[in-house]
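Some notes on the structure that comes next.
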């Protein structure tokens, strides 16, 4: 580029992010013009000889003007061109976020009808917690495998296949009879494998479609699906159960949405080159081995500490998602404002309220987290891990208060849940953004997958079962009165605030090494 305008726009003292935006804008203009003559040499309706490409040195269109060789598009070619126009980064991010909502909605639909499942199959707290534990165990074991595949093969094919798989298995599990509880446990194991493919790979596509602050915003929207989908899972499960008169119906709604999402991904989500948003796609000549990737990630201190902090978040959210509605039901029995459920269907009020709170706090947490981080970046470059650390430590305080006030006031418990969850959900998108900063694009799917493996292994893979096991052990040691059922579950859940504090400490450790690891990734 020798023109004076180019020399001005790309002068060395201009920030890299600004130069990147200029290049992206220029490339987008050219790609849009290319679409006008793309379909087998025909001219798409809406393109004319007056269309111009606005370049850095002015406007030009001689190479793209209508010529006698072009002919009007046939209907099929127009449809193909329309699909190409719809395959924009924003549309792709929206579809991927919708799929993530469904992922978590299916995951917590079971939690919304857990009491009914316990009564139907006649299982205790530890048996009920096993449903979530086997799901997470299969999820985390499959994650590194899908991370390896996602760094090397077509990602949207893997995503859509995973969605189709878990949707079909979930639908079939709704027909299991009461004599085959082990089959329900096995089905949740298979669903975990299907959902693992989605969670491991989809963030990397967004990472290759956007950069800088746009990527932060899009990842915030994507990770908003975690609390939003979880809350909708409770709500959907409760409403479907009440409408159908049986908990089976809770498992027959989300698969329909899942199949729709899989089709949308196949049609509208592009497969961007790895590193294209960071403008390194053409620089990638060779691909490192999986073992080399793992060794490099193990030496990345920011990645290791943020993964451990993510595990602490997963431990708490996994335990809360399963047991908090149950805990609040038992609190109301102690207060004599409700009676124990002995016949199906059981009351869904607490699951509905908890689901609604989770949706709202998820929205608030992700938005507040994104805005706070953006503002704090103006003050310090370590803003991302520091915001996460402060939110975790604040969340632990209010979660402790839940178990103090629940015996006397359900409203007070809900207020503490609201504040505690908002602070806890603050860090979902920020943690993903930290990973994008400190890991190069060709390792991101592996990094996301292994972070998911670690967070589930040390977090929600065991927390629901562990909490149920402690609760059962305390009940057996003393008495099975309604008061002790309530207290034993509360004592077991008190483990969560201590784990959350530990997560806050890990985020503080991440802040110490964040700048060094980010600079290393940029140099690579």
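Even glycines carry a Cβ here, placed using N, Cα and C.
What TrEMBL records for 88-105, 130-150, 157-176, 221-240, 246-269, 303-324, 352-373, 385-406, 412-440, 491-515 is transmembrane segment. Taken from TrEMBL, the feature domain 'Major facilitator superfamily (MFS) profile' covers 92-521.
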How about the transmembrane segment (412-440) and the transmembrane segment (303-324): at least 3 CB pairs under 8 Å, pairs 6 or more apart in sequence, or not?
yes
Which of 221-240, 303-324, 385-406, 491-515 contacts the transmembrane segment (352-373) most, counting Cβ pairs under 8 Å
221-240
Could you give the mean pLDDT over the domain 'Major facilitator superfamily (MFS) profile' (92-521), rounded to a whole number?
82
